There are 2 protein chains.
Amino acid sequence: MGRPDKKPGSVAKIIPLGGLDAIGKNMTVFECDGDIILDDAGLMFPDDDHPGIDLILPDYTYVLQNAHRLKGIFITHGHEDHTGSLPYLYKDLDRPVPIYGTKLTLGLIEGKFAEHRIKNAKLVEVKPGDKVKLGCIEAEFFAVNHSIPGAVGIFYQTPAGNILHTGDFKLDQTPVDGVNTDFAALSRFNRIGVDLLLSDSTNSMNRTFTPSEAEVGKVLGPIIAQAKGRVIVASFASHIHRLQQICDAAVASGRKVVVTGRSMIQNTEIARRLGYLRIDDENLVDAYDLKGIPPEKIVVMCTGSQGEPLSALSRIAGGSHKTVGIEEGDTVIISATPVPGNEKSVTRIVNMLAKVGADVYDKRRAMVHVSGHASAEELKLLLSIVRPVHFMPVHGEAVHLRAHAKLAEETGVRREDIYILENGESLELSDKGVRFGETVQSGVVFVDGNSVGDTSQTVLDDRASLGAEGFAVVAAAVSMGQRKLQGRVQVEMRGITGGDDPYLLEDAEGAATATLRRQLSGSTSPKDMRRAVRDTLLSLLWERTKQRPMVVVSILDV
Amino acid sequence: MGRPDKKPGSVAKIIPLGGLDAIGKNMTVFECDGDIILDDAGLMFPDDDHPGIDLILPDYTYVLQNAHRLKGIFITHGHEDHTGSLPYLYKDLDRPVPIYGTKLTLGLIEGKFAEHRIKNAKLVEVKPGDKVKLGCIEAEFFAVNHSIPGAVGIFYQTPAGNILHTGDFKLDQTPVDGVNTDFAALSRFNRIGVDLLLSDSTNSMNRTFTPSEAEVGKVLGPIIAQAKGRVIVASFASHIHRLQQICDAAVASGRKVVVTGRSMIQNTEIARRLGYLRIDDENLVDAYDLKGIPPEKIVVMCTGSQGEPLSALSRIAGGSHKTVGIEEGDTVIISATPVPGNEKSVTRIVNMLAKVGADVYDKRRAMVHVSGHASAEELKLLLSIVRPVHFMPVHGEAVHLRAHAKLAEETGVRREDIYILENGESLELSDKGVRFGETVQSGVVFVDGNSVGDTSQTVLDDRASLGAEGFAVVAAAVSMGQRKLQGRVQVEMRGITGGDDPYLLEDAEGAATATLRRQLSGSTSPKDMRRAVRDTLLSLLWERTKQRPMVVVSILDV
């Protein structure tokens, strides 16, 4: 296993802090002989398991504990699942650690940092082909195709061996911006020797090839050209290639483009300023200047492809958008796929649009969206070009990582050289090969309102229970000295079926009063008294409503 | 438009009470000259918009108001979205109205009625080809393919004209049970004359053809034959054709079939008893008799294909199933598709299984599931065979109904003869053609615990708010007479980030106390006092946590 270029005794550590339990919050630590690089710093958007939570961050305690050794942060591309925890991490670090990324990646990070009022950021632009040496780790950035421009993979050369991280990628032979995944670089890395490959597993369960982004343009063009009324296209705001194709199709059909939705406005502005999105000023119309332009002369490019209730598309569909209306005969294109968990919200909007009489196109009807991630044949192709000694699938749920591991085995990686990790586990690479290292602290941190990390599982469990069954409150004043009830017992219910029924309330108050009186006549402690009242109310509610809501009992000693 | 066989002055009414706003709770009223037939009586399972709700029924008030004219209930097939509200409806009717269905349909209804302790049911078995005349409405049942055996469509002949309802169907040329959709009958109905066609819109947005159920068997066979360890197949318990194919593949591979999961056990028992599912006793093993049979000799057929947390598959995946274990090298087949809204739950189980080391097959990896509904080309084929004068798409969301309407137009139905209805709207068919009739009461009724129809939108809104943000309770005792606070003010919080922080609680009690004292020093009413305390607490919580939870204030006058 040893290679002559390796320094005996050197050890490189690979510690994923996120990205291996879900598609989201990617963050991996690379270490070598004391130097640390952080590769990506993403977040994840919460689902039904996390009621009320705004954002989910990976637990990066390990990075903070070793912050003095952190030489730099490398960001592979500008998607939030690779950049989103940067503002939080940056606020927790006591110095501006340099962040390396391509122009668009940094442009998007700058936008986020401005929102968070972070002013001391140290952003260092890199181009594909650039090498950055931090401590004993040399990183070479190379171009990959993905659903955002400026995406790169990173080849790490260390005294302990070489590690290739693909980043998120696909192998698009007809990329919209002309930038191919750099096969020459991959072949070169193979010649240099890839001791460990970390590769994107998102689409490892999809057979064959992911279609080229250019195929979407071929579909969008005719739809927009043949549309009679307004055309409204919802897409991901960061999908600049898609936006380019929408703009091109609009201009080719003699339509002006109207951009609406906060992140869509922000991202098109950044992408145009940095030269990633090309459309003439004369073909862009401000949403407030729409008056006088006939519907058949515009294409609205908007947010809301995930059915977000406050997004531009939702407001358009519901008739509450300030400037963009919708009417029978208009065309709506959902140029995106619902992220798992968002299917219902998207369905809701599609139906609202259908009822207005809009002609709705989504992925089912025409190829108005393709993925930005490589499918099985592409993943195998990459493995064949790179020929890694060891393999670690990343960026996916358990099932994707395992499917990817199988593909690697099929291309010739030995089963014992494939490592499926959990977040927080680590690998150690040295001239002796690869082995499991120590496990470090990992997990998730919830962002809820302006609190980061203070939301406990108990809070989430309480929310889940309240959301399903509601609650009842009992308030009673007693004199513990005289062991006497003072005044009336009050019961209130919220979120309980029948909770507004005056007879049920009356019975509940009666039952609670009777229990309290019984408890007071003995020598029960306040705590036991609360429990007895709670049990009484739960029995009554179960009997009457077959529901078991949360019950909070306040006993005031007056 | 008039035909000589029509009786001038006769009017047939078609009143959909469910099925036109969503895929679920199908229920349509057919009336002619005073006689009423109810066609299907389904329910819908709730989604995130209905927190805590068990079931959703169509509002069938109109049926109850006209119950004296109700001659019979026709059920097209045994799926719960066509049968599920029968027990509730039956309990609300004051006499046992006859229910007509095929043998399996009635068998499944009988099972449900037994659970509801309904004993007076009047079930009348029909076979494809049978005609039933109730009042002036003659119904002919004809065979269709669907993802359950014994599915039929219904051809209604009335003095006002003829109406064809397809029921749920597909055009499977190689059906597992040998029963084809009855093309001869459809052609005959065309010759007789179809004044109005109601056809299944579920898959109207899917291009081309739905694959034959037999294709699934071709995929299941080799997977099961080549599997090394245990094979576990999760599917819909009512999908008897699928179960038959699983049993056949198991037996062909020399494996015994183990059935687990309440509804899977119940349905296989009913289907075997009625002759719809054929497997020898010796090839069926009770889950409790598994000991001694090596894993590679069994196929477990179980519930849980939707990721339901208490289902057999969930318990197997989590290692908490009483008799069925799972280990590395076992094979799991998810022979179903997640119903929209269930994607996340299914994903969760698939990942649990992957982590154990099971080889998981789902729709993405191999064709282990096909739909039971006709796609666009099949729908057009049916329209071409039937050649209806008027068309009303049914069984779908707004977007499906409109897509189906387009298909009808493409096959030659005139645009002005296509009617897209909302639940509760009605059509009137007479020798003069079709027109919109009166709108009747419609909507949804929630089943929550043992309450039917008592869950208000307020309760659901409260649950949604509680589920996202939690609540705080303030309890205080005052003497309104002396306008003095008695004892300590108590605050409790649940589901609030930081709600267990003693400093926050202390500050909240302090703020509430100060506000109350201020209010008591004036002449504020108890109601305004409550509002003031609530506002104080909301301001504090917003300032500290950026959350705006529900706040309930109890002020006890002692």
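FYI, residue positions are counted from 1 along the chain as it appears here.
Cβ atoms are placed via backbone N, Cα and C, with glycine included.
Since this is a predicted model, take the numbers as computed values, not measurements.
TrEMBL has this to say about the protein:
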type	residues	note
ACT_SITE	B:Asp200	active site, proton donor
ACT_SITE	B:His373	active site, proton acceptor
BINDING	B:Gly52, B:Asp54, B:Asp448	Ca(2+) binding site
BINDING	B:His77, B:Asp81, B:His82, B:His146, B:Asp168, B:His395	Zn(2+) 1 binding site
BINDING	B:His79	Zn(2+) 2 binding site
BINDING	B:Ala237, B:Ser238, B:His239, B:His369, B:Val370, B:Ser371, B:Gly372, B:His373	substrate binding site
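Locations of recorded TrEMBL features on the structure.
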| residue | record | Cβ contacts under 8 Å, 6 or more apart |
| --- | --- | --- |
| B:Asp81 | Zn(2+) 1 binding site | B:Ile23, B:Gly24, B:Lys25, B:Asn26, B:Gly42, B:Leu43, B:Met44 |
| B:His82 | Zn(2+) 1 binding site | B:Asn26, B:Asp40, B:Ala41, B:Gly42, B:Ile75, B:Thr76, B:Gly167, B:Asp168 |
| B:Asp200 | active site, proton donor | B:Thr166, B:Gly167, B:Asp168, B:Phe169, B:His373, B:Ala374, B:Leu379, B:Val394, B:His395, B:Gly396 |
| B:Ala237 | substrate binding site | B:Gly261, B:Ser263, B:Met264, B:Gln266, B:Asn267, B:Thr268, B:Thr303 |
| B:Ser238 | substrate binding site | B:Gly78, B:His79, B:Glu80, B:Leu108, B:Ser147, B:Ile148, B:Ser263, B:Asn267 |
| B:His239 | substrate binding site | B:Ser147, B:Ile148, B:Ala336, B:Gly372 |
| B:His369 | substrate binding site | B:Val216, B:Ile334, B:Ser335, B:Ala336, B:Thr337, B:Asp362, B:Lys363 |
| B:Val370 | substrate binding site | B:Thr210, B:Pro211, B:Ser212, B:Glu213, B:Glu215, B:Val216 |
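Sequence-distant neighbours of B:Asp54 (Ca(2+) binding site): residues of the same chain at least 6 apart with a C-beta under 8 Å from its C-beta are B:Pro46, B:Phe446, B:Val447, B:Asp448, B:Gly449.
B:Gly52 (Ca(2+) binding site) sits 28 Å from B:His77 (Zn(2+) 1 binding site), taking the Cα positions as reference. Filtering of the binding-site residues B:Gly52, B:His79, B:Asp168, B:Asp448 by Cβ separation from chain A (threshold: under 8 Å) yields B:Gly52, B:Asp448, ordered along the sequence.
Around B:His77 (Zn(2+) 1 binding site), the same-chain residues at least 6 positions away in sequence with a Cβ under 8 Å from its Cβ are B:Gly101, B:Thr102, B:Thr105, B:His146, B:Ile148, B:Gly150, B:Ala151, B:Val152, B:Gly167, B:Asp168.
Counted within 10 Å of its Cβ, the other Cβ atoms near B:His146 (Zn(2+) 1 binding site) come to 31, all protein chains included. The number of other Cβ atoms within 10 Å of the Cβ belonging to B:Asp448 (Ca(2+) binding site), over all protein chains shown, comes to 24.
Close to the recorded Zn(2+) 1 site, the chain also has B:Asn26, B:Asp40, B:Gly42, B:Thr76, B:His79, B:Ile148, B:Ala151, B:Gly167, B:Asp200: residues not among B:His77, B:Asp81, B:His82, B:His146, B:Asp168, B:His395 whose Cβ is within 8 Å of the site's Cβ mean position. Neighbours of B:Ser371 (substrate binding site), defined as other CB atoms within 10 A of its CB across all chains, total 16. Cβ-based neighbour count (10 Å, all protein chains) for B:Gly52 (Ca(2+) binding site) stands at 25. For the recorded positions given as B:His373, B:His395, the lowest number of other CB atoms within 10 Å of the residue's CB is seen at B:His373. Across the residues the record lists as binding substrate (B:Ala237, B:Ser238, B:His239, B:His369, B:Val370, B:Ser371, B:Gly372, B:His373), the two Cα atoms farthest apart are 17 Å from each other. B:Gly372 (substrate binding site): 25 other CB atoms within 10 A of its CB, across all protein chains. Counting every protein chain shown, the Cβ of the residue listed as 'Zn(2+) 2 binding site' has 24 other Cβ atoms within 10 Å. According to DSSP, B:Asp81 (Zn(2+) 1 binding site) is assigned to a helical segment.
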